[in-house]
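Visitor: Questions regarding the structure given below will be posed in turn.
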Amino acid sequence: MEAKLTFLHFTVAPSGATAWTRTSKQLLAVSARRSGTALRTPGGASGYCSAPTLSFITTSLDIFSSSYSWVIYWSNLGLSLCSRDLESEVELEPPRFAADTAARARLPETVRPLLYELLVQPNLTSLSFRGTVRVQLEVLQDTEEIVLHSKELLISRAELQLGPRGLLLLPLQVLELPALEQVALAPAGGGGPLARGGGYVLHVDFAGKLSDSFHGFYRSTYRTRDGEERVVAATHFEPTHARAAFPCFDEPAFKANFSIRVRREPRHMSLSNMPKLESVELPGGLLEDRFDVSVKMSTYLVAFIVSDFLNRYISVYAAPEKIDQTEFALKAAVKLLDFYDDYFGIPYSLPKQDLAAIPDFQSGAMENWGLTTYRESGLLFDPQKSSASDKLSITMVIAHELAHQWFGNLVTMQWWNDLWLNEGFAKFMEFVSVNITNPELEVEDYFLSKCFEAMEVDALSSSHPVSSPVEDPAEIREIFDDVSYDKGACILNMLRDFLTPEVFKRGIIRYLRRYSYQNTVNAQLWESFASVGDGLDVHEMMDTWTLQEGFPVVTVEVRGREVRLSQERYLKNKEPSQSSKFLWHIPLTYITSRSNTVHRFLLKTRTDVLHLPEEVEWVKFNVDMRGYYIVHYEAGGWDALVSLLQHNHTALSSNDRTSLINNVFQLVSVDKVPLDRALDLSLYLSKETEIMPVTQGLSELVPLYKLMEKRDMEDARERGVSRARLELIERQSWSDEGSVSQRMLRSYLLLFACVRGHAPCTRAAGELFRKWKESDGTVSVPSDVSLAVYSVGARSEEGWDFLLDKYRRSLYSSVKSRIKTALCTSPLGHKLQWILEQSLEGEVLKTQDLPYVLVSVSRNPKGYRRAWDFLRANWERLLNKFDLGSPAIAHMVTGVTGQFSTREMLEEVQHFFSSLRKETGAGLRCLQQALESIEENIRWMDKNLPLLKAWLDKRGPFEGPGDHGL
């Protein structure tokens with residue numbers, strides 16, 4: 001009978017036995033004639049038939065009701081095909097792989113890599129790559145197989161060398177498990193186990209396609225001044241994408257050294273983590289760049305780039321047309337590296353540090369050791385085109401990535417459940433470093449916003465602990481969120497305040513020195529602090545902040561000199577029992593009307609009492625909000641603080657005023673404070689001049705108007721700019737003058753007023769836009785106010801088209817970013833639809849910007865339905881671009897639905913989410929967060945809408961004929 005190739009479906013039982021079941025009467029089995037494997041049926045029939053040798057066969061596997069696709073490669077073996085017309089199930093003796101190989105998500109700890117010798121050769125024309133990797137291995141336990149990661153790579157050869165100088169190359173058979181992104185390699189023909197203590201070298205040849213996404217080894221593009229499109233091959237491996245570039249042990253604990261070679265055309269250049277030792281010309285005209293051997297590091301930190309970029313002063317790389325925009329980043333990087341060298345007391349580990357601006361880059365930046373990569377907007381700065389906000393954000397991003405060279409690179413978390421040890425520390429250190437190296441940026445003012453952002457998601461029952469169990473890649477990607485980054489930074493700031501900055505610094509230095517080039521867990525960090533902290537039980541205290549989700553609200557009741565304290569979890573949509581099991585060790589701080597001295601009290605129980613030395617008019621807890629908790633004041637406590645703000649607000653620091661604004665509105669959401677009391681507190685803002693209280697006040701009030709907009713309450717649009725804020729807005733000039741904070745406040749307020757149709761603002765902005773347009777852009781608009789100007793111009797068809805043309809032609813990422821934002825504020829619905837579609841296509845606007853564009857359109861009252869419909873219609877395309885569980889997907893889901901407040905919209909969202917399968921997002925945390933937020937919005941509106949309308953009516957009319965965005 002002639003052999004027929006079909007696909008086979010089979011199952012693996014828990015015991016590891018392989019049962020092959022037919023898809024039709026014509027069954028194909030593969031057997032290795034050399035080992036005598038025979039096709040068997042339950043009735044005992046067997047047989048062979050002659051056929052050509054196959055290189056591989058694709059099958060489909062179902063393990064414990066989970067669908068997998070397996071590819072079996074046979075290397076240097078004679079294969080036979082056998083086809084029989086069988087009515088019964090057939091069985092085939094399985095390959096010699098461990099019974100649980102297909103069932104585990106984590107790699108076994110039987111072998112570990114010591115050195116990777118990696119050669120990669122990308123083709124920027126065919127958008128493909130090929131390579132070879134030699135991995136020196138140490139065998140930790142006797143094993144029949146080597147299991148490592150590989151994703152969407154074609155493996156053409158796999159061999160095992162016995163010892164670094166061994167001459168014998170043993171062929172390996174390769175079993176791919178794409179669902180786990182793993183491959184299992186075993187000696188072909190049963191060459192015996194790999195012996196513990198033995199030294200082996202794994203050889204693998206592989207090939208792949210440059211990815212169209214923003215991770216792995218992927219292609220990026222940019223256009224020259226003449227409009228020519230050029231390709232860049234770049235990498236982004238965090239958290240689990242090194243496996244898409246070369247076969248490797250892609251878990252953070254498998255640290256190794258890397259020797260990297262990159263082959264390229266002479267017109268290109270290449271970069272990697274380490275300095276280039278030499279370039280060797282090869283037959284055929286290619287060049288091979290050979291880089292120095294790296295320090296021991298995790299795979300997610302490996303990086304290489306092939307491009308035609310130029311560098312400035314060695315360290316900063318960008319597209320040739322943009323190289324003049326790199327000087328600011330260079331100076332910032334030099335200053336920050338010097339700071340970290342001194343602060344940590346540990347010199348930077350590598351001989352060079354390159355920073356590269358990548359045209360297509362989904363994340364803000366990536367801390368690859370020695371070769372940090374950035375979005376162009378995160379690295380490029382022009383003194384004439386960039387704003388004060390750009391200067392601050394670029395400095396902060398660079399500070400974050402360079403902090404990682406110690407936290408994350410030198411010392412790495414053992415597993416992704418402790419991602420916060422990397423990201424929380426880097427976020428915290430960016431504020432510490434920039435505050436000292438660039439005091440003019442006044443960065444301390446903005447730390448509170450990180451805590452508030454973290455609390456927004458941490459107040460939901462779908463939140464997770466800072467240290468949270470994760471296994472598969474989607475779960476890992478999900479924890480790259482505000483909890484890991486911002487809450488991590490906030491609890492570290494709280495610990496520093498509790499220990500004192502000096503003791504905290506000594507603990508950091510001890511931690512870094514003791515665990516250099518190693519992996520750590522939470523407990524080792526706490527031990528480092530405890531060892532320098534005079535016997536303090538840091539471990540016990542901080543476990544309450546890292547091992548349970550959420551944060552506390554502390555209730556304060558002052559009765560004479562007695563202060564009664566209690567704590568409970570702050571939780572929106574809570575059931576009575578949900579917060580009862582939570583208890584924190586809270587390092588309380590407070591000041592009073594009689595003393596500005598900061599007093600301290602460690603609250604370790606559910607209730608407690610402290611005594612004041614004298615009676616006071618008011619008490620303010622959580623001084624400067626250095627603690628990760630909010631405070632509720634009973635028995636007239638809020639009344640006293642509202643009165644203080646109205647009559648002498650400067651008696652409290654800017655941070656204390658900001659925290660009071662945040663806390664009081666958060667307490668409205670859990671029915672501890674009535675809405676009208678919170679609104680009364682906000683009235684003092686007419687006297688406020690500092691950026692953080694003003695922006696926090698607006699950030700609390702604007703969503704109230706937006707919730708009303710979503711319920712088609714037209715009168716809400718007529719109340720966009722209150723008289724309480726008119727004076728502050730009208731004091732702003734249309735210039736780039738003042739301190740960084742003054743300039744950023746100006747930008748924020750003028751944009752706020754213009755998009756809400758405040759007539760004096762729109763007239764001034766409209767005149768500036770007219771002059772700019774008539775000059776074809778040669779008359780400059782001050783950078784700090786340009787977004788407000790552009791937003792007014794985007795209201796008309798002609799203005800919108802002019803802005804788009806300027807967007808296409810600009811070489812400045814900061815200018816493009818402001819224009820893009822302005823286009824999303826337009827009331828022109830067809831233009832909003834166009835920009836959404838173009839962001840997905842990636843031609844006019846880069847797809848990396850789609851999450852931002854989609855959420856910006858959703859905040860526009862003319863665009864929120866379009867954004868939701870677009871998200872649903874293109875869901876699977878978005879998953880292909882941005883990855884299941886990625887921060888980009890989470891941002892789009894929660895951003896688009898975040899201001900829905902009707903039961904009709906809730907039902908729509910529930911219906912769509914319930915239609916998803918596991919592989920298309922069912923079960924993602926962001927879906928739970930979105931539903932919780934909508935339910936909270938509905939509850940809030942039902943309870944507070946009458947109070948809000950009554951309060952607005954009592955206070956009189958508001959100015960503004962319309963609201964068109966933000």
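The backbone N, Cα and C atoms fix where each Cβ goes, glycine too.
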Visitor: E376, E423: which one does TrEMBL list with H400, H404 for the Zn(2+) site?
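Guide: When TrEMBL describes the Zn(2+) site, the candidate it includes is E423.
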Visitor: Round to a whole number and give the Cα-to-Cα distance in Å for the pair E401 (active site, proton acceptor) and E423 (Zn(2+) binding site).
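Guide: So the Cα of E423 (Zn(2+) binding site) lies 10 Å away from that of E401 (active site, proton acceptor).
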Visitor: Give the helix, strand or coil assignment DSSP yields for H404 (Zn(2+) binding site).
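Guide: DSSP assigns H404 (Zn(2+) binding site) to coil.
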Visitor: For the Zn(2+) site given as H400, H404, E423, which other residues of the same chain have their Cβ within 8 Å of the site's Cβ centre?
Guide: E367, E401, A403, F407, G408, N422, F425, A426, K427, M429, E430, Y485
Visitor: Cα of Y485 (site 'Transition state stabilizer') to Cα of E423 (Zn(2+) binding site): how many Å, rounded?
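Guide: Between the alpha carbons of Y485 (site 'Transition state stabilizer') and E423 (Zn(2+) binding site) there are 5 Å.
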Visitor: Among all protein chains shown, how many Cβ atoms are found within 10 Å of the Cβ of E401 (active site, proton acceptor), not counting that one?
Guide: 27
Visitor: Ranking the recorded positions H400, Y485 by other Cβ atoms within 10 Å, which is at the bottom?
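Guide: The recorded positions H400, Y485 were compared, and Y485 has the fewest Cβ atoms within 10 Å.
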